[in-house]
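Before any comments, here is the structure.
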Amino acid sequence: MAEMFYDDDADLSTITGKKVAVLGFGSQGHAHALSLRDSGVDVVVGLKEGSKSRAKAEEQGLTVLTPFEASKAADVIMVLVPDHLQRGLYAEAIEPNLTAGKALFFSHGFNIRFGYIKPPADVDVVMVAPKGPGHLVRREYVDGRGVPVIVAVEQDATGQAWALALAYAKAIGGLRAGGIKTTFTEETETDLFGEQAVLCGGASALVQTGFEVLTEAGYQPEVAYFECLHELKLIVDLMYEGGIAKQRWSVSDTAEWGDYVSGPRVIDASVKERMKDVLKDIQDGTFARNFIEDQDAGAPKFKELRAKAEQHPIEATGRELRKLMAWVKSDDSDYVEGSAAR
């Protein structure tokens, strides 16, 4: 069983006596900065000149500096910008100011695990990663609850890295729900695998392929959309609330029987072997290398794949059908988790 941490395991004074720089003010950045401040931590936000987020942070009463200035002023530096931008930010703003005894924090271990960022030996390297989107992290904090976090220490130069990690997790409300001890390697590899094989890649491919099978068999695209994509939320919500068992308990006997007899025909042993291949590419660095090389070249392959995916017939069908659904929010103007390449 995983080792767990709760509020009583952390001393908030470990971090309230330090200045924390939160670099980035997107979904996680705003949640971390505001909750740290409300927990009594001295917070500054690091954003580039001209960033659209500067005004948002200042409106919340936060002090905004450039990433370089924020990193220089801080004892603790939390990096909350997209993975492929962290290397450049580190070289330009963090590394020149990463003096002995400081702490470098992440919410995902990608750049440490794959060696794109190599901090000096005399600083702490820590991860505090809420297992939920930023708006939920902030809402739960305000409501006196919290979103579970995972916590890791890659480098404990000061002997206080774990105490600081737990204090930070407590300050954003995470230990109200519970913190799980992990490592940078475990977090990074499992996170990437989940995204690629199940949550994003696996689910997207399954939905698209199901839609194709039905429409190629002569069924109407609108009906195929409902059966293969729209109703997925109903099933996932049941899993979210009570696991696969609750989903099976809640659906009809017909659906449950189909689950047992047909699910393994689609996701069979050969699929499991290919999932293992995906994991191997993550573990040996192949995925990270291909991703970073493409990003460094201006993301040509990434943009090509995105454009191709957006042309899939399921997208046009969905756009029309969602016009019938008054309860579905279609405006994405305030969506801040998305790609920096858009």
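Using the three backbone atoms N, Cα and C, a Cβ is placed for every residue, glycine included.
Summarising the annotation, Swiss-Prot assigns domain 'KARI N-terminal Rossmann' to 2-182 and lists sequence analysis as the type of evidence.
Here Swiss-Prot flags Phe25, Gly26, Ser27, Gln28, Lys48, Ser51, Ser53, Asp83, His84, Leu85, Gln86, Gly134 as NADP(+) binding site, drawing on sequence analysis. According to its DSSP assignment, Phe25 (NADP(+) binding site) is coil. The 10 Å shell around the Cβ of Phe25 (NADP(+) binding site) contains 28 further Cβ atoms across the protein chains shown.
What Swiss-Prot lists as active site is His108. Neighbour density for His108 (active site): within 10 A of its CB lie 20 other CB atoms from the protein chains shown. In the three-state DSSP classification, His108 (active site) falls within coil.
Remark: secondary structure over the domain 'KARI C-terminal knotted' (183-328) totals 122 helix, 0 strand, 24 coil, with classes taken from DSSP. Swiss-Prot lists 183-328 with the feature domain 'KARI C-terminal knotted', giving sequence analysis as the kind of evidence.
Summarising the annotation, Swiss-Prot assigns Mg(2+) 1 binding site to Asp191, Glu195. Taking a C-beta cut-off of under 8 Å and a sequence gap of six or more, Asp191 (Mg(2+) 1 binding site) has these contacts in its own chain: His108, Gly109.
Of all the binding-site residues listed (Lys48, His84), His84 sits in the most crowded Cβ setting, with the most other Cβ atoms within 10 Å. Looking just at the domain 'KARI N-terminal Rossmann' (2-182), the mean pLDDT is 97.
Closest in space to Glu195 (Mg(2+) 1 binding site), of the binding-site residues given as Lys48, His84, Gln86, is His84, taking the CA atom of each residue. Neighbour count (other Cβ atoms within 10 Å of the Cβ, all protein chains): 22 for Gln86 (NADP(+) binding site).
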